[in-house]
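**Student:** Below are the structure tokens for one structure; questions will follow.
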Amino acid sequence: MNAPSRPHLPRGPYLLCDDSVLPEISLVDKAARLVAGGARLVQLRMKRTPIREALAATRQVVALCRREGALCLVNDRVDLALLADADGVHVGDEDVPAEDARALLGPGRLVGVTVRDVVGARAAQAAGADYVGLGPVFPTSTKQVPAPVLGLEAFASVVRDSPLPVVGIGGVGLVNIASVAAAGAHCAAVVSDALLAADITERVRRLVEAFEQGRFGA
């Protein structure tokens with residue numbers, strides 16, 4: 001029997017559906033608004049949600065994304081990704097090691113890893129990762145203890161030498177997503193700029209357009 005094919009990481013905005021941002025709106029509702037705006041990659045980040053509620057929400061968002069042709073990844077929780085049949089996981093320094101995530105998920109799902117430099121990107125590749133999240137590119141308030149800001153020049157340098165596709169993370173929004181794309185990013189992660197917009201769906205549409213403009217130099 002052939003191994004299941006791994007999803008392809010789509011280029012463009014990488015939208016995070018975070019339970020700590022706009023908590024009065026459900027994760028499923030937030031994800032629906034993101035996808036309606038053209039998001040093709042949604043990551044569920046559920047640090048505050050009880051496990052059973054998180055599992056139910058993940059299953060609903062996975063189903064939503066499948067219907068709309070988008071991918072759904074889960075932050076940190078490999079168990080939730082497996083139980084909900086998500087498209088993959090993203091792990092950080094304090095999460096399940098990438099090689100263990102790959103062993104648990106098998107070859108048919110994506111594994112992303114947060115790194116700080118080219119050395120980390122090479123280690124992630126050796127561990128079986130499909131892509132790396134690199135940053136923070138800009139100052140960010142989403143993380144309680146953010147790492148030192150890279151800036152666009154250092155970010156672009158790592159992108160050039162990385163053996164894996166790079167997702168720009170940290171402080172990315174409509175005002176700067178084009179510059180992240182122009183620096184060579186495969187994707188650009190957006191959290192608050194999308195979820196706190198007056199119209200989430202319209203903001204995502206504009207983020208998609210801005211990324212493409214930066215990517216192609218329009």
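Each residue, glycine too, has its Cβ placed from N, Cα and C.
Sequence annotations record features per position, and here Swiss-Prot assigns 4-amino-2-methyl-5-(diphosphooxymethyl)pyrimidine binding site to Gln43, Leu44, Arg45, Met46, Lys47, Asn75, Thr114, Lys143 based on sequence analysis. As annotated by Swiss-Prot, Mg(2+) binding site applies to Asp76, Asp95, with the evidence given as sequence analysis.
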**Student:** Could you state the CA-to-CA distance between Asp95 (Mg(2+) binding site) and Gln43 (4-amino-2-methyl-5-(diphosphooxymethyl)pyrimidine binding site) to the nearest Å?
**Tutor:** 15
**Student:** I want to check the contact list for Arg45 (4-amino-2-methyl-5-(diphosphooxymethyl)pyrimidine binding site): same chain, sequence separation of six or more, C-beta distance under 8 angstroms. What comes out?
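**Tutor:** Listed in sequence order, they are Leu16, Cys17, Asp18, Asp19, Ser20, Asn75, Asp76.
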**Student:** Near the Cβ of Thr114 (4-amino-2-methyl-5-(diphosphooxymethyl)pyrimidine binding site), how many other Cβ atoms are there if near means within 10 Å?
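**Tutor:** Total other Cβ atoms inside 10 Å, all chains included: 21.
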**Student:** Return one of helix, strand or coil for Lys47 (4-amino-2-methyl-5-(diphosphooxymethyl)pyrimidine binding site), based on DSSP.
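**Tutor:** Lys47 (4-amino-2-methyl-5-(diphosphooxymethyl)pyrimidine binding site) sits in coil per DSSP, no helix or strand.
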**Student:** For a quick check of packing: other C-beta atoms within 10 Å of the C-beta of Gln43 (4-amino-2-methyl-5-(diphosphooxymethyl)pyrimidine binding site), how many?
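**Tutor:** Taking all protein chains shown, Gln43 (4-amino-2-methyl-5-(diphosphooxymethyl)pyrimidine binding site) has 26 Cβ neighbours within 10 Å.
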